[in-house]
Amino acid sequence: MKSPAHRTRDIERQAGYLRPEHCAPPPLRYGSDTMWFIHDGCGIVCGVITWFLVFYAEFVVVFVVLLPAKSVIYSLFNGLIFNALGVLALASHAKAMCTDPGAVPKGNATKEFIESLQLKPGQVVYKCPKCCSIKPDRAHHCSVCKRCIKKMDHHCPWVNNCVGESNQKYFVLFTMYISLISFHALILVAFHFVFCFEEDWTKCSNFSPPATVILLILLCFEALLFLIFTAVMFGTQVHSICSDETGIEQLKKEERRWAKRSKWMNLKVVFGHPFSIAWLSPFATPDHGKANLYQYIV
């Protein structure tokens, strides 16, 4: 009797059986430095809105709140902190948006590639009929990115990208810095209202009193809204990392088939080995060290 050959299985059954010979060879990549960018109208608009709101907060804080303040030390200290948080937030956003989240090579479900995996008899590989890719364990197909993403957590329109294995650090930093800058803006606005009530309104701003009030109220509303949203998202992401369970896996209640690690090890897998100040920097690429690779075989 012949030994059983390895099997191939479509992860999305409604698409029908996918034969390896129907897959074209994967497209050539022109180096690892090629910028990743998703051409999605909704995501691009959300990304532009995000940058606009941060610049609006910068404008109001600098020109309405800090410049009219009596204390130069107060203005310089808070201006330095606020602008530093703003730069880190925008840098994190740009890195989360323009970093490959862990896309599986498109069209790699070819007969040659499957044979190169050296599968044992009876082993199963999952294939995505939408992008013609062999799917590693814990990978999911994103309908917006039109790719299978390794360890995909969710697709976020605010960063116009998926949050996955390779850019989750930047997304977490983005939510953290936005929540910090929002909290700082609320404190500054509160102090400035007190200052304006104690002093003449014409002396507490370079703008007219009605314009000053409108600008401060809009900033207060924006800061409160994004503080709540990003703080909740930050907490959700940290919990997801510590439990080593993505948002999709929690939503689908998928059976855990991967090795369990400590919370500290899970954090190092995302932010890098070993622990350092680089964890807080969006400019530092995390070194995953000896992190386990997600296998193609199930």
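Any Cβ shown, glycine's included, is placed from N, Cα and C.
These features come from TrEMBL:
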DOMAIN    127-253  domain 'Palmitoyltransferase DHHC'
TRANSMEM  42-66  transmembrane segment
TRANSMEM  72-91  transmembrane segment
TRANSMEM  170-193  transmembrane segment
TRANSMEM  213-234  transmembrane segment
Answer yes if the transmembrane segment (213-234) and the transmembrane segment (42-66) have at least three CB pairs under 8 Å among residue pairs 6 or more apart in sequence, and no otherwise. yes
Per the Cβ filter (under 8 Å) with a sequence gap of at least 6 from its ends, the transmembrane segment (170-193) is approached by 54, 57, 60-61, 64-66, 69, 78, 81-82, 85-86, 88-89, 92-93, 95-96, 99, 156, 159, 163, 204, 216, 219-220, 222-224, 226-227, 230-231, 233-234, 237-238, 241, 270, 280, 282
Any residues 6+ beyond the ends of the transmembrane segment (42-66) with a Cβ under 8 Å from its own? 74-75, 78-79, 82-83, 86, 89-90, 93, 97, 144, 157-161, 178, 181-182, 185, 188-189, 192, 205-207, 212, 215-216, 218-219, 222-223, 226
